[in-house]
Amino acid sequence: MDLVEKLKNDVREIEDWIIQIRRKIHEYPELSYKEYNTSKLVAETLRKLGVEVEEGVGLPTAVVGKIRGSKPGKTVALRADMDALPVEENTDLEFKSKVKGVMHACGHDTHVAMLLGGAYLLVKNKDLISGEIRLIFQPAEEDGGLGGAKPMIEAGVMNGVDYVFGIHISSSYPSGVFATRKGPIMATPDAFKIIVHGKGGHGSAPHETIDPIFISLQIANAIYGITARQIDPVQPFIISITTIHSGTKDNIIPDDAEMQGTIRSLDENVRSKAKDYMRRIVSSICGIYGATCEVKFMEDVYPTTVNNPEVTDEVMKILSSISTVVETEPVLGAEDFSRFLQKAPGTYFFLGTRNEKKGCIYPNHSSKFCVDEDVLKLGALAHALLAVKFSNK
């Protein structure tokens, strides 16, 4: 029996076990940096499987498992993120979230379950492994600021790693389909804040004020013009203003207005140009109307997620032995898995969960997001298959 058939047979034995783990985590979701029960479940499960476990790697809720092979070889890292989102779940699932205002709306519950399933398969087939398989259960991917990957890396989780792989469940692809690409696959997210300082006054006499709301509207229109006017329209790039705050009463023109939003890009030159254009636009428009301004960008954001071309080519061939594989366009979401890929070559890929018959049609981060659980065994199988193959390179 070849490797693929052996692992397929083994994963059938634990399909229900993987689903039950996922449901338990889904019922009790935990926000970034607070994944206490989730990380406890992970550590306990790994120990029961006979996996060497280290807790608190870089962050209190981080867990790392190590499976050592029967002979020398490569070190392969597999990663799953664990945190949930501040979303009130709006589904009829029997195992829907029991935590008010918190939901696994991005599928990280499935990521944990699939990697635990992969751990089971790898322990059972330890004789096929060379080197070391490192299982990274990461907190705080959804933080969007520091994120959980950076402190784990600083604590040494990637030391000696030769290859690294990660899976993300996605409703953008049909159930059971793997999707990835060579090179940039996810964007850098530059969060920004623009503050316009004007001069307030009575709503009946706007000519006596420097109206920060009016000025903010001019800035917003001009900023949206950066796309396809200053930046090549064939480049994957977007600017979105997502919050505008100003004022307290209908007859008062306020002193200040604040806007926040995000820039998403895959290319460092495009990113730099966009930020420069934004600063110039804000400064110029505020100057015209006599206002002052501040433009702030979040520091140390997630880098662009860049798949190694050679490794990804091989990954696509390997995954095609267990399901359909498609080459996807870049996604303008962001991921701190990008930090792991800066330390070792590897591949980040999606596993489709869209299934109209089961009502799994809502996007990630939706309050109605649901997952076709039939795909979870595929994720576990993919983890194990890639680990065995690349540990023996």
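One-based numbering along the chain as shown.
Heads up, the Cβ atoms here are built off N, Cα and C, so glycines get one too.
Here's what Swiss-Prot has on this protein:
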BINDING   His104, Asp109, His245  Zn(2+) binding site
ACT_SITE  Tyr302  active site, proton donor
ACT_SITE  Glu373  active site, nucleophile
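Ranking the recorded positions Asp109, Glu373 by how many other Cβ atoms lie within 10 angstroms of each Cβ puts Glu373 at the bottom.
His104 (Zn(2+) binding site) falls outside any helix or strand according to DSSP and counts as coil. Highest Cβ count within 10 Å among the binding-site residues His104, His245: His104. Secondary structure from DSSP puts His245 (Zn(2+) binding site) in a beta strand. Packing around Tyr302 (active site, proton donor) is summarised by its Cβ count: 25 other Cβ atoms lie within 10 angstroms of its Cβ, all protein chains included. For the recorded site, Glu373 (active site, nucleophile), the DSSP three-state label reads helix. When the Cα of Glu373 (active site, nucleophile) is compared against those of the recorded positions His104, Asp109, His245, Tyr302, the shortest separation belongs to Asp109.
Note: the Cα of His245 (Zn(2+) binding site) and the Cα of the residue listed as 'active site, proton donor' are spaced 26 Å from each other. Distance between Cα atoms for His104 (Zn(2+) binding site) and Tyr302 (active site, proton donor): 21 Å, as a whole number. DSSP assigns Tyr302 (active site, proton donor) to coil, not to a helix or a strand.
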